[in-house]
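Going by TrEMBL, these are the annotated features:
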- 20-42: transmembrane segment (TRANSMEM)
- 54-76: transmembrane segment (TRANSMEM)
- 88-106: transmembrane segment (TRANSMEM)
- 144-162: transmembrane segment (TRANSMEM)
- 182-205: transmembrane segment (TRANSMEM)
- 217-237: transmembrane segment (TRANSMEM)
- 249-268: transmembrane segment (TRANSMEM)
- 280-298: transmembrane segment (TRANSMEM)
- 304-321: transmembrane segment (TRANSMEM)
Amino acid sequence: MSVEDGGTPGLGRPRQARWTLMLLLSTAMYGAHAPLLALCHVNGRVPFRPSSAVLLTELTKLLLCAFSLLVGWQAWPQGAPPWRQAAPFALSALLYGANNNLVIYLQRYMDPSTYQVLSNLKIGSTALFYCLCLRHRLSARQGLALLLLMAAGACYAAGGLQDPGNTLPGPPSAAAAGPMPLHVTPLGLLLLILYCLISGLSSVYTELLMKRQRLPLALQNLFLYTFGVLLNLGLHAGGGPGPGLLEGFSGWAALVVLSQALNGLLMSAVMKHGSSITRLFVVSCSLVVNAVLSAALLRLQLTAAFFLATLLIGLAVRLYYGSH
(Lines of atoms letter the chains of each structure in order from A and count residues from 1; the text may use other names and numbers.)
(Lines give C-alpha, C1' and ligand atoms only; values in the text may rest on other atoms or scores of the structure.)
Protein backbone atom coordinates (compact mmCIF):
# COMPACT_ATOMS: atom_id res chain seq x y z
CA MET A 1 0.00 0.00 0.00
CA SER A 2 1.49 3.33 -1.03
CA VAL A 3 1.39 6.65 0.79
CA GLU A 4 -1.09 7.93 -1.78
CA ASP A 5 -3.35 4.98 -1.12
CA GLY A 6 -3.40 5.82 2.56
CA GLY A 7 -0.73 3.51 3.83
CA THR A 8 2.97 3.71 4.51
CA PRO A 9 5.40 1.86 2.27
CA GLY A 10 7.79 -0.75 3.60
CA LEU A 11 6.41 -0.96 7.13
CA GLY A 12 7.34 -3.93 9.25
CA ARG A 13 4.68 -5.69 11.26
CA PRO A 14 5.21 -3.71 14.52
CA ARG A 15 4.98 -0.34 12.73
CA GLN A 16 2.05 -1.51 10.63
CA ALA A 17 0.29 -2.57 13.83
CA ARG A 18 0.91 0.88 15.36
CA TRP A 19 -0.41 2.54 12.21
CA THR A 20 -3.57 0.41 12.30
CA LEU A 21 -4.03 1.12 16.02
CA MET A 22 -3.69 4.86 15.37
CA LEU A 23 -6.37 4.74 12.67
CA LEU A 24 -8.70 2.74 14.93
CA LEU A 25 -8.20 5.21 17.80
CA SER A 26 -8.90 8.16 15.53
CA THR A 27 -12.04 6.46 14.20
CA ALA A 28 -13.24 5.85 17.75
CA MET A 29 -12.59 9.46 18.78
CA TYR A 30 -14.38 10.86 15.75
CA GLY A 31 -17.33 8.59 16.42
CA ALA A 32 -17.49 9.46 20.10
CA HIS A 33 -17.59 13.23 19.53
CA ALA A 34 -21.35 13.66 19.00
CA PRO A 35 -22.44 11.27 21.79
CA LEU A 36 -20.06 12.97 24.24
CA LEU A 37 -21.46 16.37 23.27
CA ALA A 38 -24.97 15.02 23.88
CA LEU A 39 -23.92 13.94 27.39
CA CYS A 40 -22.82 17.53 28.06
CA HIS A 41 -26.34 18.88 27.50
CA VAL A 42 -28.17 20.55 30.35
CA ASN A 43 -31.91 21.02 29.78
CA GLY A 44 -31.41 20.10 26.15
CA ARG A 45 -28.68 22.67 25.47
CA VAL A 46 -24.90 22.83 25.54
CA PRO A 47 -24.10 24.92 28.67
CA PHE A 48 -20.82 26.38 27.36
CA ARG A 49 -19.88 28.52 24.39
CA PRO A 50 -18.89 26.42 21.36
CA SER A 51 -16.06 28.88 20.66
CA SER A 52 -14.66 28.10 24.13
CA ALA A 53 -14.48 24.38 23.33
CA VAL A 54 -12.76 25.05 19.99
CA LEU A 55 -10.25 27.46 21.57
CA LEU A 56 -9.44 25.09 24.43
CA THR A 57 -9.02 22.21 21.98
CA GLU A 58 -6.53 24.20 19.90
CA LEU A 59 -4.70 25.29 23.04
CA THR A 60 -4.48 21.70 24.30
CA LYS A 61 -3.02 20.55 20.98
CA LEU A 62 -0.48 23.38 21.10
CA LEU A 63 0.61 22.49 24.64
CA LEU A 64 0.90 18.78 23.82
CA CYS A 65 3.11 19.57 20.81
CA ALA A 66 5.31 21.90 22.87
CA PHE A 67 5.60 19.24 25.59
CA SER A 68 6.57 16.63 22.99
CA LEU A 69 9.43 18.82 21.77
CA LEU A 70 10.58 19.81 25.26
CA VAL A 71 10.88 16.26 26.56
CA GLY A 72 12.56 15.06 23.38
CA TRP A 73 9.85 12.75 22.05
CA GLN A 74 10.59 14.36 18.70
CA ALA A 75 13.97 15.81 17.83
CA TRP A 76 14.32 19.57 17.55
CA PRO A 77 15.89 20.51 14.17
CA GLN A 78 19.59 21.35 14.18
CA GLY A 79 20.56 25.00 14.16
CA ALA A 80 18.21 27.94 14.45
CA PRO A 81 14.48 27.11 14.49
CA PRO A 82 13.13 27.49 10.92
CA TRP A 83 10.48 30.04 11.85
CA ARG A 84 10.14 31.21 8.25
CA GLN A 85 8.54 27.86 7.46
CA ALA A 86 5.75 28.67 9.91
CA ALA A 87 4.11 31.27 7.67
CA PRO A 88 2.36 28.82 5.27
CA PHE A 89 0.51 27.29 8.23
CA ALA A 90 -1.34 30.56 8.71
CA LEU A 91 -3.34 29.73 5.58
CA SER A 92 -4.17 26.28 6.96
CA ALA A 93 -5.44 27.80 10.20
CA LEU A 94 -7.45 30.38 8.26
CA LEU A 95 -9.06 27.71 6.06
CA TYR A 96 -9.95 25.52 9.04
CA GLY A 97 -11.32 28.54 10.91
CA ALA A 98 -13.46 29.58 7.93
CA ASN A 99 -14.81 26.05 7.63
CA ASN A 100 -15.74 25.82 11.31
CA ASN A 101 -17.67 29.08 11.09
CA LEU A 102 -19.38 28.15 7.83
CA VAL A 103 -20.85 25.10 9.55
CA ILE A 104 -22.63 27.44 11.98
CA TYR A 105 -23.93 29.83 9.31
CA LEU A 106 -25.15 27.00 7.09
CA GLN A 107 -27.75 26.02 9.67
CA ARG A 108 -29.58 29.29 8.99
CA TYR A 109 -30.26 28.42 5.37
CA MET A 110 -31.15 24.72 5.49
CA ASP A 111 -32.46 22.12 7.88
CA PRO A 112 -29.97 19.81 9.69
CA SER A 113 -30.95 16.72 7.67
CA THR A 114 -30.33 18.47 4.35
CA TYR A 115 -26.99 19.75 5.64
CA GLN A 116 -25.89 16.29 6.79
CA VAL A 117 -26.75 14.74 3.44
CA LEU A 118 -25.30 17.45 1.18
CA SER A 119 -22.14 17.97 3.26
CA ASN A 120 -20.96 14.56 2.03
CA LEU A 121 -20.04 16.36 -1.19
CA LYS A 122 -16.80 17.31 0.60
CA ILE A 123 -15.61 13.77 -0.10
CA GLY A 124 -15.74 14.58 -3.80
CA SER A 125 -14.09 17.99 -3.37
CA THR A 126 -11.27 16.46 -1.31
CA ALA A 127 -10.66 13.82 -3.99
CA LEU A 128 -10.65 16.55 -6.66
CA PHE A 129 -8.05 18.70 -4.88
CA TYR A 130 -6.08 15.56 -4.01
CA CYS A 131 -5.74 14.72 -7.71
CA LEU A 132 -5.06 18.32 -8.80
CA CYS A 133 -2.61 19.39 -6.09
CA LEU A 134 -0.77 16.12 -5.44
CA ARG A 135 -0.97 14.95 -9.06
CA HIS A 136 -2.21 11.53 -8.10
CA ARG A 137 -4.68 9.80 -10.38
CA LEU A 138 -7.42 7.70 -8.87
CA SER A 139 -8.36 4.50 -10.65
CA ALA A 140 -11.94 3.81 -11.67
CA ARG A 141 -12.14 1.37 -8.78
CA GLN A 142 -10.98 3.98 -6.29
CA GLY A 143 -13.36 6.56 -7.74
CA LEU A 144 -16.24 4.12 -7.32
CA ALA A 145 -15.15 3.53 -3.72
CA LEU A 146 -15.35 7.25 -2.96
CA LEU A 147 -18.80 7.46 -4.57
CA LEU A 148 -19.92 4.61 -2.31
CA LEU A 149 -18.46 6.51 0.64
CA MET A 150 -20.53 9.57 -0.26
CA ALA A 151 -23.64 7.43 -0.64
CA ALA A 152 -22.99 5.81 2.74
CA GLY A 153 -22.74 9.20 4.46
CA ALA A 154 -25.91 10.45 2.81
CA CYS A 155 -27.76 7.24 3.68
CA TYR A 156 -26.70 7.41 7.33
CA ALA A 157 -27.56 11.11 7.61
CA ALA A 158 -30.98 10.50 6.09
CA GLY A 159 -32.06 8.15 8.88
CA GLY A 160 -29.37 5.94 10.39
CA LEU A 161 -30.57 6.67 13.92
CA GLN A 162 -34.05 7.24 15.30
CA ASP A 163 -35.41 8.41 18.62
CA PRO A 164 -37.94 5.77 19.83
CA GLY A 165 -40.28 8.62 20.75
CA ASN A 166 -39.92 10.37 17.40
CA THR A 167 -41.52 8.65 14.41
CA LEU A 168 -40.79 11.54 12.08
CA PRO A 169 -37.85 11.42 9.66
CA GLY A 170 -34.80 13.49 10.42
CA PRO A 171 -32.26 13.72 13.24
CA PRO A 172 -33.36 12.71 16.75
CA SER A 173 -32.55 16.17 18.09
CA ALA A 174 -35.49 17.54 16.14
CA ALA A 175 -37.99 15.63 18.25
CA ALA A 176 -38.23 18.10 21.09
CA ALA A 177 -38.50 21.19 18.93
CA GLY A 178 -41.07 19.73 16.53
CA PRO A 179 -40.61 18.75 12.90
CA MET A 180 -38.62 21.06 10.65
CA PRO A 181 -39.46 20.83 6.94
CA LEU A 182 -36.70 19.85 4.56
CA HIS A 183 -35.45 22.99 2.86
CA VAL A 184 -32.41 24.69 1.40
CA THR A 185 -32.20 28.24 0.07
CA PRO A 186 -30.12 29.25 -2.99
CA LEU A 187 -27.72 31.11 -0.68
CA GLY A 188 -27.50 28.05 1.55
CA LEU A 189 -26.61 25.88 -1.44
CA LEU A 190 -23.93 28.37 -2.50
CA LEU A 191 -22.45 28.44 1.02
CA LEU A 192 -22.52 24.64 1.20
CA ILE A 193 -20.58 24.38 -2.06
CA LEU A 194 -18.08 26.87 -0.63
CA TYR A 195 -17.89 24.83 2.58
CA CYS A 196 -17.14 21.61 0.68
CA LEU A 197 -14.49 23.32 -1.47
CA ILE A 198 -12.76 24.87 1.55
CA SER A 199 -12.94 21.55 3.42
CA GLY A 200 -11.23 19.71 0.58
CA LEU A 201 -8.68 22.46 -0.02
CA SER A 202 -7.73 22.81 3.65
CA SER A 203 -7.17 19.06 4.00
CA VAL A 204 -5.08 18.66 0.84
CA TYR A 205 -3.12 21.91 1.34
CA THR A 206 -2.15 20.88 4.87
CA GLU A 207 -1.11 17.42 3.66
CA LEU A 208 1.02 18.94 0.89
CA LEU A 209 2.63 21.36 3.33
CA MET A 210 3.46 18.71 5.90
CA LYS A 211 4.97 16.35 3.35
CA ARG A 212 7.10 18.96 1.59
CA GLN A 213 8.69 20.37 4.75
CA ARG A 214 11.43 18.27 6.29
CA LEU A 215 10.54 19.20 9.83
CA PRO A 216 9.41 17.13 12.83
CA LEU A 217 5.65 16.68 12.88
CA ALA A 218 5.44 18.17 16.39
CA LEU A 219 7.11 21.37 15.18
CA GLN A 220 4.80 21.62 12.18
CA ASN A 221 1.85 21.14 14.51
CA LEU A 222 3.28 23.81 16.81
CA PHE A 223 3.20 26.26 13.90
CA LEU A 224 -0.31 25.25 12.85
CA TYR A 225 -1.87 25.32 16.30
CA THR A 226 -0.20 28.61 17.25
CA PHE A 227 -2.06 30.24 14.37
CA GLY A 228 -5.15 28.24 15.30
CA VAL A 229 -5.10 29.50 18.89
CA LEU A 230 -4.62 33.13 17.79
CA LEU A 231 -7.43 32.89 15.25
CA ASN A 232 -9.90 31.22 17.60
CA LEU A 233 -8.95 33.58 20.42
CA GLY A 234 -9.93 36.48 18.20
CA LEU A 235 -13.20 34.77 17.19
CA HIS A 236 -14.02 34.01 20.82
CA ALA A 237 -13.27 37.57 21.94
CA GLY A 238 -15.29 39.03 19.09
CA GLY A 239 -18.25 36.76 19.65
CA GLY A 240 -20.02 39.23 21.93
CA PRO A 241 -21.22 38.73 25.50
CA GLY A 242 -21.79 35.22 26.74
CA PRO A 243 -20.53 32.61 29.22
CA GLY A 244 -16.91 32.83 30.29
CA LEU A 245 -14.16 30.66 28.87
CA LEU A 246 -14.65 27.79 31.33
CA GLU A 247 -18.21 28.55 32.37
CA GLY A 248 -20.55 25.58 31.99
CA PHE A 249 -17.74 23.05 31.57
CA SER A 250 -18.16 19.61 33.14
CA GLY A 251 -16.16 16.41 33.16
CA TRP A 252 -17.85 15.36 29.92
CA ALA A 253 -16.94 18.68 28.31
CA ALA A 254 -13.31 18.27 29.38
CA LEU A 255 -13.34 14.79 27.83
CA VAL A 256 -14.68 16.27 24.59
CA VAL A 257 -11.83 18.79 24.47
CA LEU A 258 -9.16 16.22 25.32
CA SER A 259 -10.42 13.62 22.84
CA GLN A 260 -10.67 16.17 20.04
CA ALA A 261 -7.17 17.44 20.80
CA LEU A 262 -5.70 13.93 20.71
CA ASN A 263 -7.64 13.15 17.56
CA GLY A 264 -6.31 16.30 15.90
CA LEU A 265 -2.75 15.14 16.61
CA LEU A 266 -3.52 11.67 15.24
CA MET A 267 -5.01 13.20 12.10
CA SER A 268 -1.90 15.32 11.56
CA ALA A 269 0.14 12.09 11.56
CA VAL A 270 -2.28 10.62 9.01
CA MET A 271 -1.86 13.71 6.82
CA LYS A 272 1.94 13.54 6.97
CA HIS A 273 2.43 9.79 6.61
CA GLY A 274 -0.84 8.79 4.94
CA SER A 275 -3.19 10.92 2.87
CA SER A 276 -6.29 13.08 2.87
CA ILE A 277 -8.17 10.13 1.39
CA THR A 278 -7.28 8.03 4.44
CA ARG A 279 -8.77 10.79 6.57
CA LEU A 280 -12.03 10.55 4.60
CA PHE A 281 -12.25 6.83 5.31
CA VAL A 282 -11.55 7.40 9.01
CA VAL A 283 -14.34 9.98 9.23
CA SER A 284 -16.77 7.74 7.32
CA CYS A 285 -15.97 4.65 9.41
CA SER A 286 -16.53 6.74 12.54
CA LEU A 287 -20.23 6.83 11.64
CA VAL A 288 -20.45 3.22 12.76
CA VAL A 289 -18.87 4.07 16.12
CA ASN A 290 -21.14 7.09 16.46
CA ALA A 291 -24.24 4.98 15.87
CA VAL A 292 -23.24 2.20 18.27
CA LEU A 293 -22.38 4.67 21.06
CA SER A 294 -25.57 6.64 20.44
CA ALA A 295 -27.60 3.45 20.73
CA ALA A 296 -25.78 2.40 23.91
CA LEU A 297 -25.54 5.77 25.71
CA LEU A 298 -28.49 7.75 24.36
CA ARG A 299 -30.91 4.84 23.76
CA LEU A 300 -31.39 5.69 20.12
CA GLN A 301 -32.47 2.99 17.71
CA LEU A 302 -30.43 1.76 14.75
CA THR A 303 -32.46 1.69 11.55
CA ALA A 304 -32.13 -0.15 8.25
CA ALA A 305 -30.39 2.93 6.82
CA PHE A 306 -27.56 2.45 9.33
CA PHE A 307 -26.95 -1.13 8.25
CA LEU A 308 -27.06 -0.12 4.58
CA ALA A 309 -24.55 2.68 5.27
CA THR A 310 -22.28 0.21 7.11
CA LEU A 311 -22.42 -2.16 4.14
CA LEU A 312 -21.56 0.64 1.71
CA ILE A 313 -18.61 1.75 3.87
CA GLY A 314 -17.31 -1.82 3.99
CA LEU A 315 -17.57 -2.13 0.22
CA ALA A 316 -15.82 1.22 -0.24
CA VAL A 317 -12.90 0.18 1.99
CA ARG A 318 -12.61 -3.13 0.14
CA LEU A 319 -12.65 -1.45 -3.27
CA TYR A 320 -10.15 1.28 -2.38
CA TYR A 321 -7.63 -0.70 -0.33
CA GLY A 322 -8.21 -4.23 -1.61
CA SER A 323 -5.80 -5.91 -3.99
CA HIS A 324 -6.41 -4.82 -7.58
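Quick reminder: no glycine exception, Cβ is built from N, Cα and C everywhere.
Long-range neighbours of the transmembrane segment (20-42) within the same chain, counting only residues 6 or more positions beyond its ends whose Cβ lies under 8 Å from a Cβ of the stretch, are 48, 248, 250, 252-253, 255-256, 259-260, 262-263, 266-267, 269-270, 278, 282-283, 285-290, 292-294, 297-298.
Here the transmembrane segment (182-205) has Cβ contacts under 8 Å with residues 91-92, 95-96, 98-99, 102-103, 105-106, 108-111, 113-115, 118-119, 121-122, 124-130, 133-134, 170, 271, 276, 279 of the same chain, all six or more residues outside its ends. Among residues of the same chain six or more beyond the transmembrane segment (280-298), those with a C-beta under 8 A of the stretch's C-beta atoms are 6, 23, 26-35, 38-39, 123, 126-127, 146, 149, 152-153, 156, 160-161, 172, 267, 270, 306, 309-310, 313, 316-317, 320. When Cβ-Cβ distances below 8 Å are used as the criterion, the transmembrane segment (54-76) is approached by residues 100, 216-219, 221-222, 225-226, 228-229, 232-233, 235-236, 245, 257-258, 260-262, 264-265 of the same chain, each at least six residues removed from its ends.
With a cut-off of 8 Å between Cβ atoms, the residues of this chain six or more beyond the transmembrane segment (144-162) that come close are 113, 116-117, 119-121, 123-124, 127, 138, 169-172, 277, 280-281, 284, 287, 291, 294-295, 300-303, 305-306, 308-310, 312-313, 315-317, 319-320.
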